[in-house]
Amino acid sequence: IAGAGGPAMAEFLPPPECPVFEPSWEEFADPFAFIHKIRPIAEQTGICKVRPPPDWQPPFACDVDKLHFTPRIQRLNELEAQTRVKLNFLDQIAKFWELQGCTLKIPHVERKILDLFQLNRLVAEEGGFDLVCKERKWTKIAIRMGFAPGKAVGSHIRAHYERILYPYNLFQSGASLLVSGGVFLFVCFCFPLLPKCSLAMNCLKHLNSHFGNFLLQVDLYVCLLCGSGNDEDRLLLCDGCDDSYHTFCLIPPLHDVPKGDWRCPQCLAQECNKPQEAFGFEQAARDYTLRTFGEMADAFKSDYFNMPVHMVPTELVEKEFWRLVSTIEEDVTVEYGADIASKEFGSGFPVRDRKIKFRPEEEEYLDSGWNLNNMPVMEQSVLAHITADICGMKLPWLYVGMCFSSFCWHIEDHWSYSINYLHWGEPKTWYGAPGYAAEQLEDVMKKLAPELFVSQPDLLHQLVTIMNPNTLMAHGVPVYRTNQCAGEFVITFPRAYHSGFNQGFNFAEAVNFCTVDWLPLGRQCVEHYRLLNRYCVFSHDEMICKMASKADVLDVVVASTVQKDMAVMIEDEKALREAVHKLGVTDSERMAFEMLPDDERQCIKCKTTCFMSAVYCSCKPGLLVCLYHIEDLCSCPTYKYTLGYRYKLDDLYPMMNALKLRAESYNEWASKVNEALEAKINNKRSLISFKALIEESEMRKFPDNDLLRHLRLVTQDADKCASVAQQLLNGKRQTRYRSGGGKSPNQLTVNELRLFVRQLYALPCVLSQTPLLKDLLNRVEAFQQHSQKLLSEEMPSAAELQELLNVSFEFDVDLPQLAELRIRLEQARWLEDVQQACLDQSSLTLDDMRRLIDSGVGLTPHSAVEKAMAKLQELLTVSEHWDDKARNLIKARPRQSVSSLAAAVKEIEEIPAYLPNGIALKDAVQKAKDWLQEVEALQAGGRVPVLDTLVEFVTRGRSIPVHLDYLPRLESLVADVQAWKECAANTFLTENSPYSLLEVLSPRCDIGTLGLKRKQKKLKEPVPNGKKRGTRLESLCDLERALCESKETASMATLGEARLKEMEALRSLRAANEGKVLSNEDDAEMKVCLCQKEPAAPMIKCDLCRGVFHTSCVSVPSIFQGPRVWLCPHCHRSEKPPLEKILPLLASLQRIRVRLPEGDALRYMIERTVNWQHRAQQMLYSGNLNLIQDKIGSGLLYNRWQATAYQLPETNKVRLNLLLGVGRSDLSSARANECCRGKRDGVGSVERKLKRRFEREGFCGEKRARVKKMRTPKKKKLKLNPSKDLSNSKLERERERLFEAQRSSESHLLPLDMSFSEQEDSEDEDAICPAVNCLQPEGDEVDWVQCDGSCNQWFHQVCVGISPEMAEKEDYICISCTGKDSQY
């Protein structure tokens, strides 16, 4: 609110907050160390707030009931400096008019009280009343006072000024005038409208009354103004000087005699010019206890704000406080219980000498450094060396506040620290200015309120004046604020001005303390006090000397600081004593100043407490001056002065040296520490040297002072930085953070790394990791530049991106580019996978495309990815379509033709992808083409196909999913062959026969020991280059394979070889069995029969293998059936169908036109049968059968085991039957079980033997020709049809003729000495060429040709001079048939 009649004051704006510290328990343990730690920050604001740890809650130890005090009365609008100046001015105006006998009434203008102080100041600034009237500036002044223009306010202001202020200003400037001769003339121009003649007359009367030697004599009581003694009832007698004045002569005239005291104008001047009394707080008339004061305080606040005290916001109280101190209209008075001595009433903190008992958990607060009773006297506080108990400095003061009670701007005594603790209650609001702004604040207050400092130069030390912080801040003074709540400390720093007020009822405690760093400021403060002539609370020099006397027990830091301060003190004292000596003071004596009370050793001029020295004179006992003010002592000559000193200079130096010795080692160490801490970049020391300094301090037991703590802190920070730097240099990115799982909680950003490198360079020591980390930063920045360049490309290669990412793994730094690099790497890898897959079309499967599409869906969108994705999706769609179409074509029923499928394959081949069904379709088409080509080649070759080939064709054809035109015909042909095999099996195989058809039809391979079945397959033997592997027919499978692999004509030679082996094996078996029967071996040692037991009658012998068997083990023919051939179970292998039943089978097979091993074996058997018939006929025609008859044995029992039922005469008949049976069925009964390969040498030798035997026996050419005619040569592809060579009727006639010859004769076909194997020839090598000059060719293949004339003989093609082509295309007629034909 504005002052009287003034403009509205701006709303209060709270200053910025001061620092607030919340120490940890470790930091809170040592208060001085913590204060030293926060000093660089807090002293910049002058004040700071400290919040103890939450669990630090000291008990309130003050006795509430016994504490009583008398508070101070504070009128709020008298506290503010500018407001007090205004009030003092109004008091002077009111006093002026009151002494004139008038009551001052402040007028109103525009419904506002006119601010007379502002009006008086503005008129003075504009040049005074006369100039303002002359230049007509009253409207301007009205506007400056806040009145609206245009309402004639200026004339009203002029009238009020002229009536009230103008007489006072005239009185102040010229009320007392000195005229020549010492005549005193009082001139009053209070009322300018008074006639000048009256005024002149009054002046003359006044002169006549005072100077009788010039005027006539008057009455005793006359008016000093008019000089007349008339109207005595209207004469006023001054209560000050007893002068008389007419009431009507006074200006202004008085209508009535004043009832009170009246002062004449002369006494009025004397009263108004008296100096004002110093402003101070009054003491209340009432004594309070805490309880009664609290009740009063709460009632005041509640009534003032009309709400409960705890609900009033602190901001509202603050604004209201500054409004009240700035107004003169509202007079609010509060009371403040300040500066209550704790020594008298007890501290709020627990103290040991009390009778109060504390709980165990409260004992710790007795010795706590934050206990304000302990802090000033702790070892770290220099105040501990002051012996006197100074209240407020060494002993805490108590403060009981209420709402609006305040403490004014001030600094602590001797510029010391102060600490304030609020035990309980409502907050205390603080304002503070830093120490460096102290003089600036003083200047601002002197400038804005100079009137206050005229009468009170040390006004700011009286704690009675405040000024709005906004005003100070407007003039450039830095001000900070805080709200101190219960349980919080507020610390003020040296020379920091501070003030504040209480938000309500509370209880606080405060004390001063001084640290070592304060000593230079303390000496500066004493010098400042000397200039202000202000009393000192204690002697600074005395404290220094006391500390120096205890140098051996001082802390080294304290000793070092004291030694420096003492050096300054000695230098100043030396200079002062020399100056005093030069002034003529020669007498001196030692004085124990510390034994004198402080008020008896104060300089009478500057009030400084003397300790080192003082000057006094005998003329003024008990008075002395400091050495700075000798001239102010007295008027006596200086030689009468006496210098009193506490120490001689020579006594001071040893004291200082003791401090120096104590601090020397520390100073040297501290110098090295300071040099290390303040070293420039090029002179910085290593971290190891810093650690060495710490080790040195521990070894020399230096105190744990601020410098050491700072060194430790710096070293710890450097050590941590070195550890982090080494970790950054050694550490690689963790595996789980390589792939994007975010950021590691301990990783630094690049900016943090950059700041960290700067921090390393800013450290006071040099780290070996610093240049390496700088290099790491350079590499990281290079990585970022490379990343930015690479990421700016449309699509960088995956190799480059991966290489860049691999580089990033070396940095344990949070790199923001990594996420985008990984994204681009995934995109690049995917694109390269797509590109690589599309390059190799043969391996690009549908699954690959789907996989690529699926993996591409999860990628971050990118134009290149989207293009590749669209292309890949299109290819997948087309590929799936054609793959499905190919699968449908493969599975189509009926099957598609080769041409239609080939067209589809051509379309599929255009698709750049691997389609499994397309490949299958292509393979099927190719197989179909190959199959058709092979079938057509087989058909065009003219050779009779082998059954296995046809079966393989059918099997392959059925597996090909293509329509094949030849397949049904092949299947029909194979079915016919299978049907033929079933018919042949029914013809030859017995019921439940264990033998196959091929076993029955082929020569036996299981006779005796040479033909045992081999289950183990033989390994193939290596064949020399250029030679064919020889055929060894050792088993049936070998024989079957040889028949399948050989050509049509060579199969007969294979069968012939097998027959020769069969004959050889059978002959060996016969010899073995006959030798067993004819041996003289004991029956018990002989094993015969199927049961492999000893012989026992009756027994029967097999007519083929000559083995004997028990009749009980085998089935024997009945003797009533007559003599017949008996075969054992091993030799009886099949049925023996008649030849006429077998020939149709061969004919039907030839009509099928398919070769199979069974067919070759059947044809070979028929040819052998027909050949045997021819030979039999020749034997019968020859009539030489005696030898044969002798060798043929009986099928009955030998004589050795002969029974009575069989007689020898019957044996001949059985022999004949046996011979006939064997001759008829020798090919059927000698079939081999397995086939093997053999050499053709045996066949050739047999042929030659047979040829020589025929020549030796004298066979005629005709018979020989007939025998050779029946033998089948090896090669004649077109002339080898049995149906052509030998008709069924001819065979039938030959067979009938053979049987007739057998019935009419008892002789056999062959001589006795010919073996069974020599009776038959092979179908090629054993044949004899009837050519006259036969060349007898030998080799693996010999080509034959048959005569198409009447002889039907076979000739070697080379012997008759024709080629194989001629033999196949043209008929051949031999020379003999050609001659016969020519005869006819």
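Note: Cβ is positioned from N, Cα and C throughout, glycine not excepted.
According to TrEMBL, the feature domain 'JmjN' maps to 18-59. Positions annotated as domain 'ARID' by TrEMBL: 83-173. According to TrEMBL, the feature domain 'PHD-type' maps to 220-270, 1086-1134, 1326-1380. Under the heading domain 'JmjC', TrEMBL lists 364-530. Look at TrEMBL and you will find 1271-1292 tagged as region 'Disordered'. Taken from TrEMBL, the feature compositional bias 'Low complexity' applies to 1280-1289.
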**Message:** Six or more residues beyond either end and a Cβ under 8 Å away: which residues meet both conditions relative to the domain 'JmjN' (18-59)?
**Reply:** 349-350, 358-359, 362, 365, 368-371, 375, 378, 380-381, 417, 430, 432-435, 437, 478, 480-482, 484, 487-494, 496-498, 515, 517, 704, 706, 709
**Fill in**
Confidence over the domain 'PHD-type' (1326-1380), expressed as mean pLDDT on the 0 to 100 scale, is 74
**Prompt:** Tally of helix, strand and coil residues over the domain 'PHD-type' (1326-1380) according to DSSP?
**Reply:** 16 helix, 7 strand, 32 coil
**Request:** With DSSP as the yardstick, break the domain 'JmjN' (18-59) down into helix, strand and coil residue counts.
**Result:** 16 helix, 6 strand, 20 coil
**Asked** Using DSSP, how many residues of the domain 'PHD-type' (1086-1134) fall into helix, strand and coil, respectively?
**Response** 3 helix, 8 strand, 38 coil
